[in-house]
């Protein structure tokens, strides 16, 4: 019976994967990719396809690709994806090759999510066994979090829109997921590569170094170490094998070495391609400097653009520092409280970055919504889940309407669009806060089961 | 250096574009300033800044806005009057008013009290469709008034003795020219100049000169021209008529299109060179676009005779200087090689509209922003007129000016681009609401992280145990349902939960007694 259930489950998983790929291909064949690449929710100054094409044209004309304040991405991406922007196949849609690359990136990310999810689930079951809680918790009801997470990622409308809208988000997401997969499966060179590339493409995944360190040091998500000690005190069994290992520094040094190697390699490649045009300093100024100083005030689904359009010149630097410190400040408290659950910590970091970054897009939301699927078992008791779901649906429907009213019809003004962006930010805050609360509650329930007192 | 103030647009279709007046004297609307510098490269920007400030003070105009790097540009080779070390800046929306005329008049010895400046009657001048002041000082020894009969006009004038084989021009230059059937001048010209043969047209211009010093208070100089028969003529036009317009709608993106249409000149030129199969017309385009109109140079497309064509087929040379946000405008210089038989040609380029901060908008933000005129020049053709002069010692500076070979140039229209505006009344609101959202995130996340749930639950239970009454119970039920949490049943206290409590009755009686006493004592 179990085997049949598993077979049915895995069969419909592959069904769903193929259906989502076919759906993406159908959307690609619509004229001009349904104009999705011109939507501000999809393409920001960092992920826009048109800017990539412009950067490539400037590069081909022997000018610095950062010359027109147009392109703000990595020169490596320009060399890899640039030729795809101009290549045309007769009779096929204009940007077919680039769209195919995005689809492949999505599929690879989904497979990696599935593998990591299976890893996490096995680790969870093992830790429950060692805590002797297998009889008390109904394990057969555990959902296959890996499959669910992969399907959420593939079938999420946000992911589909980001893929068909020709943004570079699928590739950035793939780098982040590669890093987490490598760290979970103890493939240290792969994790280092993913981390270096993710940081190089967009600055914010740099804070994922902390979950990666915890993953490599302690292993995947597990209940707090204190519970294991208490259980062993109760049982008085000296079977040390069942205790999870303590923090080990070996893999971390290994990781540091590989990260250093990969970053030197990437910087050398960038330096070579930008030798005549100002070198690495120009690159850092145009990419990281642009992200940190929020120069471009085009509307997007975040909240920083309107703020920096309205704030007075005198306070601009102060508020820039405040907003970026908001992300940095939360790193320490979260890592202290959630150090036994590094993958969940990574999810929270990714969610906070997607919320507070300078130029968010729906591609970033797609990433953390996919990662949310890994924790369906732990987050089963999360409050406000229906409210959040309806909120996301409502915002994604209202936001294009408000944008149209403001820009194309002229009957609305910027406040309409900004309000939907703020509601979206509030929804994300509620998701993060309730998620953390639910996981801590889950740990507390385990503690009650073991020790009998809250 | 050249500075010009212009109000209105030179109508190339009616007023021609090929003669020196329209080619080198017709200017774009607003203020245009260009200067060639002799100083080393790193001093040029400082010199330009000094120049703009000085001119701004001299001419009472806001030329000092041209000092910021975002407003001026450095054309490389497509700006016809000069090349190398040149700085070009223009303010398209600068209005020219009578205040701007005063400093020019101050440069004259007698200002507007005597001399030619008496003719500059401000109301009638500024009521016209086009007026332009240009700073190019030539010193003349004597005052003269010139009347130029355009080539097109001369070709149209008909004379009775045409069958003699004499050209029409001879009729107008002979001494007894008042037997002219077409028009009559009230004053006889002192000298008549005839243009030397021109390569581009069959007819020749005629220049009449009137010397003003012969006249005085008793015999004033009053020139008048009366048409005897209605004459309509076409001034000679540029090889291709250039116009520029915006495409697209909405406040997010658009496209700039420059369209070149052939005029009757092109047809004549084409027939002249029809034996030469590989005839090519060279067109130079120089366009400056401000930084908030973000142009995508890779979207440049060329249409010849309304068919899209490959860019490399028709563009011989292109130089692009992309804009830097808030630092410098975008400059595009293109050399097009079009076939001589071309009917229409068009260049389109797409752009995104930028979003500015509230302090970067001008006072009237909803009017829009201007894209300065583009300069279309035809280096193959030169607009110059050479007049035969007997007296080479007293060379008139105006005639010397006419003889200068400058390429035929025309300016396109100034484009008005509306940009989206944020709500200007909202800075405080936006800041406070945004900071509230951030505080919400910060506070609630920290709260969740440091919360000790067990203690909290004990505290809540103790508090709930003291609660009585149905209403708080209903409220707590409602809030629990909303949160989807299973409500823990509360233990009701041993004391009764009946409505009518003895303590409550006592309280009511006390309050009523107090009210009665108050009324009694203070009535």
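Cβ coordinates are placed from backbone N, Cα and C, and glycine is handled just like the others.
Fair warning: this is a prediction, and the values are worked out from it, not measured in the lab.
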Checking A:34-53, A:414-433 against TrEMBL, the stretch recorded as transmembrane segment is A:414-433
If one takes Cβ-Cβ under 8 Å and requires six or more residues beyond its ends, the residues near the transmembrane segment (A:286-308) are 40-41, 44-46, 66, 69, 71-74, 202-203, 316, 319-320, 323-324, 355, 357-362, 399, 403, 414, 417-418, 421-422, 424-425
Inquiry  = Assess whether the transmembrane segment (A:187-216) lies in contact with the transmembrane segment (A:96-115), where contact requires at least three Cβ pairs under 8 Å among residues 6 or more apart in sequence.
reply    = no
Inquiry  = Under 8 angstroms for C-beta pairs, at least 3 of them, ignoring pairs fewer than 6 apart in sequence. Is the transmembrane segment (A:148-166) in contact with the transmembrane segment (A:12-30) by that rule?
reply    = yes
When counting C-beta pairs under 8 angstroms to the transmembrane segment (A:12-30), the leading stretch of A:66-84, A:96-115, A:314-336, A:414-433 is A:96-115
Contact set of the transmembrane segment (A:414-433) with the rest of its chain, CB cutoff 8 A exclusive, min separation 6+ beyond the ends, reads 299-303, 306, 348, 351-352, 354-355, 365, 384, 387-388, 391-392, 395, 398-399, 402-403, 405-406
